[in-house]
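Asks: Annotation comment: Swiss-Prot describes Asp177 as active site, proton acceptor. Per Swiss-Prot, compositional bias 'Basic and acidic residues' is recorded for 360-369. For 375-387, the entry in Swiss-Prot reads compositional bias 'Polar residues'. Sequence annotations record features per position, and here Swiss-Prot assigns SUMO2 cross-link to Lys71. If you look up Swiss-Prot, you'll see 37-317 marked as domain 'Protein kinase', on the strength of sequence analysis. Swiss-Prot lists Ser342, Ser376 with the feature phosphoserine. Residues or ranges marked as phosphothreonine in Swiss-Prot: Thr355, Thr378. Positions annotated as region 'Disordered' by Swiss-Prot: 354-396. According to Swiss-Prot, the feature region 'Required for interaction with the nucleosome' maps to 387-393.
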Amino acid sequence: MPRVKAAQAGRQSSAKRHLAEQFAVGEIITDMAKKEWKVGLPIGQGGFGCIYLADMNSSESVGSDAPCVVKVEPSDNGPLFTELKFYQRAAKPEQIQKWIRTRKLKYLGVPKYWGSGLHDKNGKSYRFMIMDRFGSDLQKIYEANAKRFSRKTVLQLSLRILDILEYIHEHEYVHGDIKASNLLLNYKNPDQVYLVDYGLAYRYCPEGVHKEYKEDPKRCHDGTIEFTSIDAHNGVAPSRRGDLEILGYCMIQWLTGHLPWEDNLKDPKYVRDSKIRYRENIASLMDKCFPEKNKPGEIAKYMETVKLLDYTEKPLYENLRDILLQGLKAIGSKDDGKLDLSVVENGGLKAKTITKKRKKEIEESKEPGVEDTEWSNTQTEEAIQTRSRTRKRVQK
């Protein structure tokens with residue numbers, strides 16, 4: 001279900017935002033650092049903007065293997081401006097690389113920010129942002145897998161998402177909309193997952209001062225209704241505990257294919273009250289979602305831990321990771337970095353081998369097409385730097 005920003009729903013229809021017109025293939029745009037980029041074929045279109053393949057400017061055309069995309073919107077629209085603020089503060093390549101080194105991670109699933117600026121075309125001003133390119137989103141794969149992921153896959157995904165959340169939380173932001181459609185795979189490494197869509201990311205702790213808990217009736221039920229936190233249902237600004245609560249709901253849905261309140265999403269008060277009732281009795285939530293004996297105890301322990309967090313409290317991310325690692329151990333597995341996106345049997349927790357037909361469908365879903373609305377990552381930071389060095393030698 002699409003994200004709903006309660007306080008903005010009415011404003012968006014009356015704001016008369018403008019649609020971005022098509023940019024020509026080969027058009028040159030210059031970012032704020034005076035770096036030139038060349039626009040390639042369009043691969044996506046959002047509500048008010050377009051997404052194109054992009055690469056550093058050269059005499060060559062932008063190939064299908066371009067490492068980046070450019071997201072373009074009319075400069076008087078708001079979503080891209082908001083998203084830019086997050087990326088400029090928290091997603092510079094050097095910031096991400098430093099975090100990876102100090103935390104000894106293999107990678108971090110936060111897209112890198114490569115540049116942004118304004119571009120005039122036919123008397124109109126457009127805002128653009130250069131980003132990594134990605135592959136298929138998890139929602140497509142989840143649906144192709146009969147709306148089930150194996151227990152190992154869910155735990156592996158969640159460990160990487162915890163890495164992401166810890167990073168953005170430490171940089172004063174919360175996401176507020178973790179869900180499968182906002183999780184994209186690295187185009188050439190399907191074992192790497194990235195969290196995208198920071199257009200409504202919230203700076204919960206500007207200059208180190210946490211926002212106070214305050215219920216605002218105008219903001220009730222912000223977010224994607226089936227996953228959004230109880231705080232958001234009550235009109236409270238997003239917080240770290242809210243992101244972790246949302247991840248808990250995602251884990252349950254990925255394992256079972258369904259959340260207890262999904263049959264009545266048109267009644268947000270019912271959804272909120274259901275979440276409150278189950279938060280007070282996590283055991284009943286587990287019984288409802290996992291009627292079989294083979295219940296994932298780590299999910300219950302995770303939910304119990306998250307529900308104890310105060311609004312302004314800093315989570316102990318390592319403790320949460322340990323809980324999920326114990327879950328992997330309980331099924332005879334370990335954190336090997338493999339997502340193993342395969343079909344599961346009859347709604348249970350046991351994985352089976354993916355069929356050739358299903359594998360082909362998933363592979364085809366990774367192909368960049370105009371219908372895709374998010375980014376895909378095909379090459380790394382090193383690839384971009386290699387291209388840059390090569391072109392400098394040619395120019396000499």
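Using the three backbone atoms N, Cα and C, a Cβ is placed for every residue, glycine included.
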Asks: Neighbour count, 10 Å Cβ-Cβ cut-off, for Asp177 (active site, proton acceptor): what number do you get?
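Replies: Asp177 (active site, proton acceptor): 26 neighbouring Cβ atoms within 10 Å.
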Asks: What Cα-Cα separation, expressed in whole Å, is found between the residue listed as 'SUMO2 cross-link' and Asp177 (active site, proton acceptor)?
Replies: 20
Asks: What is the total of other Cβ atoms whose distance to the Cβ of Lys71 (SUMO2 cross-link) is within 10 Å?
Replies: 24
Asks: Looking only at the domain 'Protein kinase' (37-317), report the model's average pLDDT.
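Replies: A mean pLDDT of 95 is what the model gives the domain 'Protein kinase' (37-317).
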